[in-house]
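Some notes on the structure that comes next.
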Amino acid sequence: MGRLQLVVLGLTCCWAVASAAKLGAVYTEGGFVEGVNKKLGLLGDSVDIFKGIPFAAPTKALENPQPHPGWQGTLKAKNFKKRCLQATITQDSTYGDEDCLYLNIWVPQGRKQVSRDLPVMIWIYGGAFLMGSGHGANFLNNYLYDGEEIATRGNVIVVTFNYRVGPLGFLSTGDANLPGNYGLRDQHMAIAWVKRNIAAFGGDPNNITLFGESAGGASVSLQTLSPYNKGLIRRAISQSGVALSPWVIQKNPLFWAKKVAEKVGCPVGDAARMAQCLKVTDPRALTLAYKVPLAGLEYPMLHYVGFVPVIDGDFIPADPINLYANAADIDYIAGTNNMDGHIFASIDMPAINKGNKKVTEEDFYKLVSEFTITKGLRGAKTTFDVYTESWAQDPSQENKKKTVVDFETDVLFLVPTEIALAQHRANAKSAKTYAYLFSHPSRMPVYPKWVGADHADDIQYVFGKPFATPTGYRPQDRTVSKAMIAYWTNFAKTGDPNMGDSAVPTHWEPYTTENSGYLEITKKMGSSSMKRSLRTNFLRYWTLTYLALPTVTDQEATPVPPTGDSEATPVPPTGDSETAPVPPTGDSGAPPVPPTGDSGAPPVPPTGDSGAPPVPPTGDSGAPPVPPTGDSGAPPVPPTGDSGAPPVPPTGDSGAPPVPPTGDSGAPPVPPTGDAGPPPVPPTGDSGAPPVPPTGDSGAPPVTPTGDSETAPVPPTGDSGAPPVPPTGDSEAAPVPPTDDSKEAQMPAVIRF
């Protein structure tokens with residue numbers, strides 16, 4: 001190439017870069033914002049990045065979020081804001097801030113003109129409702145939830161945001177004094193803000209997709225079911241977490257509220273006085289009053305975590321199983337990782353990852369019995385027999401350890417996700433349903449070689465980390481990442497993961513109740529990647545056989561869960577509690593065997609006892625359930641008025657601060673008032689405690705942290721006194737949490753199926 005040609009090429013490239021499209025200052029309902037335009041190469045493509053745009057006013061402790069008043073001049077949106085207040089990994093100090101409700105936006109730009117009408121993808125981070133942030137952990141100066149790779153490779157707008165977590169986000173008395181769900185309402189405020197303002201950034205406000213993982217995936221699910229989001233969401237993706245997961249809904253919030261109140265010195269005898277005291281308590285003290293034990297647990301971690309969403313009769317008007325008609329027009333993808341339960345199994349049973357340690361029958365039986373408390377001895381025996389059937393033919397430690405992981409994967413993630421998919425499909429009108437299983441093995445070097453895809457391993461591939469930080473990844477990792485970004489962004493554009501601007505490795509068929517089809521995501525995908533009936537025999541066991549077992553009384557129940565005082569040793573099972581539970585031997589009463597026959601047939605959704613696995617709606621499922629609404633009889637009304645229209649830039653004197661849109665669109669619907677009294681108190685059955693995700697994106701080779709790995713979960717506090725007693729009697733009658741001294745409060749039984 002001659003010198004003249006090189007000069008011409010150089011000038012052409014410089015002209016392309018100089019003339020690349022960019023947004024500049026953007027007008028929002030709060031005022032003008034200006035981000036950064038990042039060049040992506042010599043051809044002129046770029047991405048506009050806005051960090052730290054407020055979507056709500058600074059928070060007040062244990063109160064709903066409020067609209068932001070706006071600002072004067074142009075807001076420089078160039079740096080991530082602090083996360084919401086939460087405990088550090090040592091749980092002896094806090095970081096973050098109460099003023100934390102900010103969002104971040106990535107907008108891909110071409111060479112000629114700024115983008116218009118792009119699909120919008122809003123990410124909700126996980127972290128057990130205890131920790132996390134909208135930008136995630138930092139790895140090689142690249143944050144986990146940096147949206148650049150998704151935005152530029154998929155040609156979509158990506159939005160991430162902060163929401164309140166831990167006691168400040170989810171503490172509730174179970175009534176109107178402290179209704180809870182503040183973190184969910186923060187999420188809703190962010191979604192509504194995007195709906196009203198994203199057109200100014202080049203997005204299509206009528207094509208919004210939510211996606212999230214773990215507690216974020218469950219949050220996505222809950223947001224689609226809430227009547228507050230009617231008309232705001234077009235599509236949704238739940239990764240390793242749905243509203244029906246046993247760790248999502250707290251059925252005994254008063255118990256946990258009292259534990260925190262005792263720690264900070266607030267009265268617990270009267271809910272109103274307790275609530276007033278908690279609201280004026282130092283938010284840092286509230287955060288540190290709740291600690292999760294991370295080692296030496298006597299019971300599964302599921303028992304120790306308490307600050308999660310509640311059924312408040314308003315934002316979540318009823319049990320999520322009865323709200324799927326609200327998502328009838330929302331396209332939905334849901335799936336799990338093939339060893340989602342590994343990190344939790346390794347905490348509950350540390351021998352899992354230790355080659356010189358063995359898992360015994362007694363160990364596994366004890367674990368099973370602690371997950372099946374409400375079904376007593378028979379529930380423990382039948383479940384143990386079903387899961388250990390292969391041990392006679394293969395008694396190896398690898399097989400036994402895999403069994404423990406499969407058990408926790410099924411209970412915590414896979415079974416509830418399969419039920420959620422069936423519910424969505426059964427209620428869907430125009431919406432499509434898709435299922436997946438992520439099976440690309442974990443990169444964690446300290447794990448045994450048999451470990452598959454652990455909890456949160458999928459996040460790094462969705463966010464394109466193999467491209468953003470290529471030195472830590474292999475070509476096969478980039479293959480997986482490319483496929484996931486293609487499927488996810490195609491789905492955001494069209495509602496079909498196969499159709500869009502990105503080529504996919506194989507066709508992903510929709511999920512139906514007849515075929516139970518799912519796509520297995522691996523490094524090498526083809527026609528054989530589309531499979532049927534994932535772990536059907538185990539799914540049928542939980543939704544049919546186990547469900548049919550009688551619920552036991554408190555005297556018959558096996559282990560008593562811990563009381564919440566992480567400093568005290570949990571009380572072991574009663575009865576012959578001096579010895580560890582012994583697995584059944586010989587013919588233990590011929591426990592029921594999981595249904596056989598045509599295993600390819602989809603499992604029958606559970607019915608009957610509502611205390612057990614979620615039950616699909618019966619009768620006219622097309623009619624959405626009406627939430628309790630005072631004496632009005634009408635469901636909450638989503639934002640109306642001018643909420644669908646983008647804010648109009650000010651005219652005349654531009655020096656005056658812009659005025660946000662008027663009307664009620666900026667705030668969430670106001671709960672009805674009247675003489676109806678406080679919303680119903682949730683039952684005490686299921687603790688809904690979320691598992692704690694792995695920590696991690698630390699500098700070692702690409703193991704994705706669960707969101708905000710820099711912090712650790714935070715749990716039960718206070719001396720509870722006597723050990724709590726599992727729910728008693730007929731599970732169809734939801735027990736009401738005690739309202740007197742919390743030392744008499746019941747500890748929820750964590751599993752319903």
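Here the Cβ of each residue, glycine as well, is placed from N, Cα and C on the backbone.
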Task: O-linked glycosylation site per Swiss-Prot (candidates: Thr512, Thr618, Thr695) - done: Thr618
Open item on the list: Looking at O-linked glycosylation site as annotated by Swiss-Prot, pick the matching residue from Thr569, Thr704.
Closed with: Thr569
Task: Among Thr94, Thr579, Thr684, Thr706, residue that the record in Swiss-Prot marks as O-linked glycosylation site - done: Thr579
TODO: For the set Thr563, Thr662, Thr728, Thr739, say which residue Swiss-Prot annotates with O-linked glycosylation site.
DONE: Thr662
TODO: Going by Swiss-Prot, point out which residue in Thr574, Thr640 is annotated as O-linked glycosylation site.
DONE: Thr640
Task: Selected from Cys100, Cys266: Swiss-Prot disulphide partner of Cys277 - done: Cys266
Open item on the list: Tell me which residue from Thr596, Thr651 Swiss-Prot records as O-linked glycosylation site.
Closed with: Thr651
TODO: Write out how many residues of the region 'Heparin-binding' (21-121) are helix, how many strand and how many coil, based on DSSP.
DONE: 0 helix, 43 strand, 58 coil
- [ ] Kindly assign Ser214 (active site, acyl-ester intermediate) to one of the three DSSP-derived states: helix, strand or coil.
- [x] coil
- [ ] Specify the count of other C-beta atoms within 10 Å of the C-beta of Ser214 (active site, acyl-ester intermediate).
- [x] 32
